[in-house]
Amino acid sequence: MTIALGKFTKDENDLFDIMDDWLRRDRFVFVGWSGLLLFPCAYFAIGGWFTGTTFVTSWYTHGLASSYLEGCNFLTAAVSTPANSLAHSLLLLWGPEAQGDFTRWCQLGGLWTFVALHGAFGLIGFMLRQFELARSVQLRPYNAIAFSGPIAVFVSVFLIYPLGQSGWFFAPSFGVAAIFRFILFFQGFHNWTLNPFHMMGVAGVLGAALLCAIHGATVENTLFEDGDGANTFRAFNPTQAEETYSMVTANRFWSQIFGVAFSNKRWLHFFMLFVPVTGLWMSALGVVGLALNLRAYDFVSQEIRAAEDPEFETFYTKNILLNEGIRAWMAAQDQPHENLIFPEEVLPRGNAL
């Protein structure tokens with residue numbers, strides 16, 4: 001058996017090398033291979049959202065006004081989901097629904113699928129950008145791993161949930177008030193606030209906010225070296241080797257406050273990474289469960305007792321009645337094509353109605 005030893009030489013003008021050199025060149029805004037996915041998708045998603053909220057009505061899909069042109073403001077404008085009758089169609093501009101007619105495509109809700117899909121790939125491109133840059137400067141990829149949390153939430157809410165339902169119609173529209181309405185829908189139809197995955201998500205997000213506040217305050221509290229500049233931004237160089245705050249002092253302070261404290265910075269910062277990312281992932285898993293119509297906690301014994309005993313009521317049974325009211329109102333409004341009719345006596349009444 002003969003083994004040939006030698007150096008493999010590539011053509012210096014290889015197209016891949018030329019592309020790689022240009023894409024990863026050191027410039028003010030890094031492009032990279034990930035930029036081929038990120039920049040076009042982000043441009044189209046943001047541009048589609050601005051176009052929809054400025055000009056496009058939701059009259060044909062939801063019976064609503066949803067654009068600045070119709071009198072909405074920033075909080076009430078939205079890019080609305082397609083009609084329920086269009087199910088899970090990708091609503092391509094050249095597809096059988098719009099047949100290349102841009103106006104009809106907008107009327108049918110084509111901008112929603114356009115923004116949702118380009119937005120999802122844009123977020124993935126941003127995560128890949130963090131991977132690529134981390135690899136280039138020999139960092140660990142934890143930034144990209146952390147960003148997987150928001151991606152998981154976006155994909156589960158805007159794509160997986162409506163895929164589990166009858167159509168894109170049941171996804172959130174892209175607007176502030178529209179997403180508020182979607183949250184009310186989630187509560188009324190899925191009792192989302194009593195879902196353990198939602199509870200873990202809330203604990204993760206609020207816990208992360210608490211950790212950030214404590215961490216920032218502690219670092220500021222334990223500063224021991226002042227610079228000559230007028231403020232913090234001018235006084236210290238970001239490339240300085242020495243630290244200007246005391247981990248030992250911070251450790252002693254929190255040991256006295258709680259009885260326990262983080263013993264080193266690695267564990268502290270890993271915990272600050274772990275809490276919010278795990279919370280977001282748990283929320284995403286919960287929404288995937290809702291796509292399959294899995295139920296939250298049901299305390300049936302309390303419901304039965306409340307039905308039998310007029311004097312027995314809990315916060316849980318009151319919330320169940322509230323959910324029934326939400327369903328009774330929203331189903332008839334949001335799904336007029338179903339011809340849902342509720343007798344007057346079962347509809348909730350209050351001071352505002």
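Backbone N, Cα and C atoms are what each Cβ position is placed from, and that goes for glycine too.
From a predicted model like this one, the values you see are computed outputs, not experimental measurements.
Under the heading chlorophyll a ChlzD2 binding site, Swiss-Prot lists HIS118. What Swiss-Prot records for GLN130, ASN143 is pheophytin a binding site, and it gives sequence analysis as the kind of evidence. The annotation Fe cation binding site is assigned in Swiss-Prot to HIS215, HIS269 on the grounds of sequence analysis. Residues annotated as plastoquinone binding site in Swiss-Prot, with sequence analysis given as evidence: HIS215, PHE262. Look at Swiss-Prot and you will find THR2 tagged as phosphothreonine, backed by similarity to another entry. Annotation comment: Swiss-Prot describes THR2 as N-acetylthreonine. For 41-61, 125-141, 153-166, 208-228, 279-295, the entry in Swiss-Prot reads transmembrane segment.
Shown on the structure are the features that Swiss-Prot records.
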{"residue": "HIS118", "record": "chlorophyll a ChlzD2 binding site", "contacts (Cβ under 8 Å, 6+ apart)": "CYS41, ALA42, PHE44, ALA45, GLY48"}
{"residue": "GLN130", "record": "pheophytin a binding site", "contacts (Cβ under 8 Å, 6+ apart)": "PRO141, ASN143, ALA144, PHE147"}
{"residue": "HIS215", "record": "Fe cation binding site", "contacts (Cβ under 8 Å, 6+ apart)": "LEU268, MET272"}
{"residue": "PHE262", "record": "plastoquinone binding site", "contacts (Cβ under 8 Å, 6+ apart)": "ASN251, TRP254, LEU268, PHE271"}
{"residue": "HIS269", "record": "Fe cation binding site", "contacts (Cβ under 8 Å, 6+ apart)": "none"}
Near ASN143 (pheophytin a binding site), how many other Cβ atoms are within 10 Å of its Cβ?
15
Against which stretches of its own chain does the transmembrane segment (41-61) lie, if we need a Cβ under 8 Å and a gap of at least six residues from its ends?
67-70, 72, 77-83, 106-109, 111-112, 114-115, 118-119, 121-122, 125-126, 169, 173-175
For the transmembrane segment (279-295), the distant same-chain contacts (Cβ-Cβ under 8 Å, at least six residues beyond its ends) come to 148-150, 152-153, 155-157, 160-165, 186, 190-192, 195-198, 200-205, 207-208
